[in-house]
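Here the structure comes first, spelled out in structure tokens, and everything after it is commentary.
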Amino acid sequence: MKTLQSVSAVLRQTKLVSDVLLKATGSGSVLTARTQHAKRVVPGEIPQPSIPVNSHNEWDPLEEVIVGRPDGACVPQFTTEVKANTNEKYWDFYKKYGGTPFPDKHIEKAKQEVEEMCNVLRHEGVIVRRPDVINWEKDYKTPDFSSPVGLYSAMPRDILIVFGNEIMEAPMAWRSRFFEYRAYRSLLKEYFKAGAKWTAAPKPLMGDELYDNTYPIESIEDRHRLAKEGRFVTTEFEPCFDAADFIRAGRDIFVQRSQVTNHLGIEWLRRHLGPEYRVHELTFHDPNPMHIDATFNIIGPGLVIANPDRPCNQLKMFEKFGWKIVQAPKPTLSDDHPLWMSSKWLSMNVLMLDEDRVLCSKVEKPIIKMFEKLGIKTVQVDITHANSLGGGFHCWTTDVRRRGELQSYI
Ligand code: ARG
């Protein structure tokens, strides 16, 4: 009885405090007061910091997301690094069309699918932001190399990554992607003005020294051997990485040395993040690693979808963490559908809207079943033509804001 009385006394006191707060802000919520303030920013005046950027993992409730654009996407020139990252089946396509836009009709279909995906996200209560439309057909030359075209702004996941209130531009490793950040500068300036921390990791020069021209492209055995030694088509001449080789679980960040992310790049990010984070390097049985999210996709606190074709060599570590690793079912996409820049495993490249809702493909029935078994509600969209540009839902997006705090999940 005594305890009950003291509880109700505390409750009464709390009520008093919240009444005072309500009077002080003159509105029902402190958040509304802050939003109203943000609207009153005068040009040239330094705005009050708020939280325009906040994300620590891949599954907290999603509030704002950047969705890429298929518009103007160009086929990259068939350079060493492109050859090492693409399926032999498409090499003739690259030789023929490298330096020109991807087929119009295909891009039109991809655009419709991505518009639908944006509508679905909005319907699920997420704010959708888009990069600028850029003419990727302009050729360019730096003192170190030249390129007939830029690639695209289809995959924000590859170039942008968020750690808490910091949004970072990755250095990239393909010459056709050197200037890709330009498509995101309007958004980044806006987030910066609203209080976000904005970082651009040092760009590699991308001269010839960054690429191993003797890399054994044709021999899978040699590539497996080199992958074991941690050697890929990019050298260690200077740091490079794509953001999509990293995947976040709060204080623990997982990364793979890949065709586009080298050890120096991983070390750069490790030092940049400092002692608050642990950066773990993972290796997979994969002669062609590029972007971790169709290989090892962390979808919840201690929950991972793993690619059965690319087993992880550090599974023991995850057992120790007590994490659950679920093997993805085989993808079902037909062989004659073009996937110019990836494998079919985009089926597992899903975007979590929160721990209980996933954005995934309408046409990949086996993985839909897998989510149902896990008790995760599927929100389905068909982006089969958009997939052809090299990405699924996770690649086509970067989460700018998820409701949650920095935590440890191990
Ligand atoms: N390299 C992966 C595969 O072929 C595709 C990863 C795509 N991810 C991305 N963020 N673009 O399975």
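Heads up, the Cβ atoms here are built off N, Cα and C, so glycines get one too.
What TrEMBL says about a protein is an automatic prediction, not a curated fact.
Mapped onto three states, the DSSP output places D242 (active site) in coil. D242 (active site): 25 other CB atoms within 10 A of its CB, across all protein chains. What TrEMBL records for D242 (among others) is active site.
Cβ neighbours within 10 Å of H291 (active site), excluding its own Cβ and spanning all shown chains: 28. TrEMBL lists H291 (among others) with the feature active site.
Per TrEMBL, active site, amidino-cysteine intermediate is recorded for C395. Within the same chain, the residues at least 6 positions away from C395 (active site, amidino-cysteine intermediate) whose Cβ sits under 8 Å from its Cβ are G68, M155, R157, D158, A244, H291, D293, A294, L346, N349, listed in sequence order.
Listed in sequence order, the active-site residues among D242, H291, C395 whose CB lies under 6 angstroms from an atom of ligand 1 come out as H291, C395.
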